[in-house]
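J.: I am attaching a structure below and will ask some questions about it afterwards.
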């Protein structure tokens, strides 16, 4: 019988009753796979379970949930000493699963679990905001952030990622830009931004490719700004034919700094962070993550 590395699955409490997942884990255990399961109910649970994972000596901690769960587990993992840090696997169980989708993680529970347990680990970058808060996928600001944070849970549960678009169309009254200044290496822009995306990964908000050229192991952040010129016409052109829109500005840098004369909120993989000054930089190759061999986010 083949031997498999030991793993610990940290499961978001919203998915604790998933019968298909329960059956898949039972089948793995019947085939000799050692997989521990822990369920999160409140903030801080993931960090405690990773402490336990290190004590158990598991090779992989699997993030079972959406982008927020992946973010919480990745953040807790990079706080561990590199010598004892397990690799991270991904089991996409959230509403949008933006990072998992863009990374090519299988939608099938069985295939995703297999990849998370025995897939080859690649060293990936982690982004950090103001030397404190981290994200693995993307930081978004502006109209999209307000929509994502306010989309009702029942709508997300019923419709998944498309719920963000539907709720956005319902809340066009919120469509107002943020005035800010953005600096990076060989990059400077100042003006009114409708949407800002700073990507380590490529997509956010339920499938919107905000930073289509981003890679998670190239040491660079990708920036995309949707300016507010013409507002509604600009938004329509941007959504229907983004590569030809004059209202899009792109940039790349190892770091970006955003300064606003008023409070802004950025969504970091689902976690809101408010302020008037944000400095976003990269921690290169900070985490080993089990990804498909043909993962489009790897160079």
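Every residue, even glycine, has its Cβ placed from backbone N, Cα and C.
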J.: Among 26, 40, which residue shares the ATP site with 66, 67, 68, 69, 70, 71, 72, 95 according to Swiss-Prot?
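T.: Candidate listed by Swiss-Prot for the same site: 40.
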J.: To the nearest whole angstrom, state the Cα distance for the pair residue 215 (Mg(2+) binding site) and residue 69 (ATP binding site).
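T.: Cα to Cα, residue 215 (Mg(2+) binding site) and residue 69 (ATP binding site) are separated by 21 Å.
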J.: Nearest of the recorded positions to residue 40 (ATP binding site) by CA-CA distance, picking from 218, 220, 271?
T.: 271
J.: Taking the Cα of residue 271 (active site, proton acceptor) as the centre, which of the binding-site residues listed as 95, 218, 220 lie within 10 Å of it?
T.: none
J.: Mean pLDDT across the domain 'DAGKc' (2-133), rounded to an integer, is what?
T.: 95
J.: Using Cβ atoms only, which residues of the same chain lie under 8 Å from residue 67 (ATP binding site) while being at least 6 residues apart in sequence?
T.: 94, 96, 97, 98, 99, 100, 137, 204, 269, 270
